[in-house]
Structures are given as structure tokens and as C-alpha cells.
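For reference, Swiss-Prot has these:
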TRANSMEM  20-40  transmembrane segment
BINDING   V30, F31, E50, R51, R58, R145, D332, M345  FAD binding site
SITE      Y92  site 'Important for enzyme activity'
TRANSMEM  450-470  transmembrane segment
TRANSMEM  474-494  transmembrane segment
Amino acid sequence: MASILTTTEAQTRRREQYHEADVVVVGAGVFGCTMAFALANQGRSVLLLERWLKEPDRIVGELLQPGGVASLQKLGLGHCVEGIDAKPCYGYTIFYHGEKVLVPYPGIDDEGSPTHAWGGHSTGDRSTRPSGCSFHHGRFINKLRESCIAHKNITVVETEVVKTLRGEVSDQILGVESRTMNKETGKKEQDYYFGQLTIIADGYDSKWRQEVLKTKPKVCSKFYALELIDCDLPQPGHGHVIIGNAFPILLYQIGTHETRALIDVPQGIPEASPENGGVRGYIRNFVLPALPPSIRPSAEKALEDGKIPRSMPNSWLPPTKQRANGAILLGDAMNMRHPLTGGGMTVAFNDVVILSELLHPDKVGDLGDSKLINNALEELYWRRKPLTGIINVLAQALYSLFAANDRQLRALQYGCFTYFKNGDTDGPVALLAGILQRPFILAYHFFSVAFLAIWLNACSVVGCGILGIFKFPLAIIDAVLILWKACIVFIPIMWRESFQ
């Protein structure tokens, strides 16, 4: 508690001269910056360490759902999406083999809840609907870092953390060892930073995950990225999901002239083999024909450089309970989902809101008290599930449907598109947007889609002729298989993410 009550000048001197703070945060990315800022706002002294402070150039972390915007504003960082040419996002447009349906974010009531959570859609104008935004990832991160640098309780240091420091007589983590560039010699020198609590948020490729959590993410595919210039989007201000003869494609504006295209390529598919031209061959032969005609010219131009597009692995890493021994692992290092639904930053900001509340000095006076920290982590684990569980389940389940590779999944895929086309959009998109946190509504909509898929498939199999009665047993068999597939896709992930 004493370190909180010292003067700002003394805290700054401790950080800059002695490399000591209440909290050491490793990683100045989406989670690390916001966590450092939230703790500093509570009077904590924070050291924020980052290996590379130049503007990052990444292809994910560019789409922020309305729930994430609300959390960012709650943290006092809403200004970070201003002045970076961010574009508003009002919902999604889904293309299914050329046919499209608009899925706008839902209308909400005075308490912020969607007005048609269980079914149907609202008809109000945009003034009653929340919006998200999309932007260049690097510009957004720079804004977050600038806010941290300007904060009187934060010292930001460019240094590469190489290992954690433990006590001689206990396993307690006391801080980190790093390598810092000496500007005079141009060589990296050994350095040390100490804190009552070390928060590690070093991203999807965390080098501390195995040490702290002993878990590994499951990688099912990669997103290959194109940046389309002056793309003629069919529905500006909306994310576009393309479902066709290619695996899912996601497009959204990241600036006035730039549109990001993320192309899902599962591992080992023959269409992207070297004999078929590799990833570029797959994009040219399968992705371009699946795109709406207005998008193709800019996509073709983006392929002209002859290079393999940049890629990122699409991973699933369920959350893990952890016991603090002076350090905790958070952000993408602890929990990931498929980025198709653009929910990663919304999850991160929600975690920061909850954890900063649980670690408030009124509740945890001494961040070195492992018992209090562990109690906070236990509560975080369960309190985050109503939002993060839903977003994680949706990400994995929708990817399974949109990347359908068998007859039952294709039936569910068509059922999902028809469900949206019938106007049942507000509930599902409110869950996706992070503004509806009720897992049972998610289950209701998923199995409503499943039973609609069963009905549509039965109508297709039986037909309208008199001989259709003889095909009825086939429709029954299909119904069982489709329902079974829906259960396999949904229930294990729902159980793991929301109830375990």
C-alpha cells in the first residue's frame, strides 16, 4: 500500500532509476497498453515493457465490435480511435454463392439491451444502433502507446524481455530480465525490472505460455491478407463475409482508401499445393471468382506484386485457470479464438475492465499478496465468461459452418444464411457484437438454425412430387445426422468456454 501513497515524483524516480514499480507489464499491444493505463488510473506505478516501439504492421486487430468500443470508452481510451482514419462499422453483409443478406447491428433500448434478442430484427435508424469501427492496427496501437507514455504513472521502455526473475528461497516471480539497446554503443545490455506483480501480455506467439500455463493453441488454418486500394464495396461501412466455393473471406475498410481482405486457407488443402500455384494460385483460381464483381478489380490489382500475401495463424486457445506466483498471463497469450468474427480486441478490453476493477487498491492493497491476486483471478475466470465465452463459441462455431467441408455442415451453412435472410438477425449479431451476454440465447439461436437446416434439407430431399413419400426415410436419416453434427460443433466448445 505504501508504494501507492508515495508522490508521483518518487514513483517516477523508482521506475526510471531503480526499475521498480507496483506492476510490470510485458507487451505494449492491445491488452498490455490498456491494462497498464487502467492500473495507472488507479494510482498504481507501472512499467510497460515492449520489444519494439515502432508502429506495428499486422493484419489482425483491425476490427472493433460495439462492445469493445464501449469497454474502450469505459477505460478512458475512446479517443484512441480518433485521428487514425478509422471507419465506422454498422454490421455485416453476408454473401452466400452470390446472394446477399444485410445483418446490421441491432437496435437497443435505454439500458443498452437489444430489443429483439430472441428473434426478428429492429427497424429503427442508425441512431438507435451501436456501431463498431475498423482501422489500421499500427495506428491504433500507436495511439494506445502515446496515451501510456503521457500518463504520469507509467514509464514505457523499449526492451526485450528474455526471462522472469524468481526469488532465491521461493518460486515467487519478482520481475523480469531483459536486453536493452545502449544507444551509444549500439549493443544490447542486460537489464532488470521489478514489480509486486508481473502481467505478461506478449500476444498470440507468447514465449511464456508454456512456462506459465503449459498449454498450446490449436491452429486450424491461416488468414492470408490483401490490402485493396479504393475497393468498391457493395455495402460500405459494413464487414463483408463471402461464402462460396472458396473457404471464408472477410473484408472490411481500414481507412478511406484501404480495405482489408482476409482469406482463410486451411492447412494442407490440395487447392493451395505448390503444383496448383500455392496460395496465390488458390486465391486466383478460387477466391477471386467467389468475390462480388465490384470487388474483383482491386483484389486482382493487389495480387500483381507477385508476392505471397502476409499471413497469420488462426488459433483456438481456451482460457485456463492460473495461480499467481507473482506473474499472470493474459490477452491472446492466455485465450484466443478464430478471428473470423473480429472479437479478439472486444474480449481483451472486457478482460481489462473486469480485472482492473478486481485489482482496485480498495480491494487489493498489496499486489504482492498472492492470495488476494488468486482470488481476483478466480473471479475474473468466471466473470468474463458471459461475454468472452459467447464470442469464442461464435467464432469457432461460425467458422465450422462457413468453412463447411461435408454435407451436414453445408446444410447448416445454408440454414444459417436462410435464418438471417428470414430476418432473425438481431439476437445473433448482438451476441457477436459483445452487447448481449446471455449464453442461453446463443444456444437458442444456434439450434434454431439447426432445426431450420433440417427442415430445408428435408424439403429438398422429399420434394413436392408424389414419389417424395418414398424419400421420407432419407430425410429422417439426414435430420439425425445434421442434428448430430450441430451438437458436435456447438456443445463441446460451449461447455469448454462457458461452463468449465
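The backbone N, Cα and C atoms fix where each Cβ goes, and this holds for glycine too.
Sequence features, as recorded in Swiss-Prot, placed on the structure.
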| residue | record | Cβ contacts under 8 Å, 6 or more apart |
| --- | --- | --- |
| V30 | FAD binding site | G61, I141, L144, G331, G344, M345, A348, F349 |
| F31 | FAD binding site | A201, L330, G331, D332, A348, D351, V352 |
| E50 | FAD binding site | G27, A28, G29, G32, R145, V156, V157, E158, T159 |
| R51 | FAD binding site | E158, T159, E160, V161 |
| R58 | FAD binding site | H137, G138, M312 |
| Y92 | site 'Important for enzyme activity' | L102, V103, P104, H238, G239, H240, V241, V429 |
Residue among binding-site residues R145, D332, M345 with least C-beta crowding, 10 angstrom cut-off: R145
DSSP-derived structure type at R51 (FAD binding site), helix or strand or else coil: coil
R58 (FAD binding site) - helix vs strand vs coil (DSSP): coil
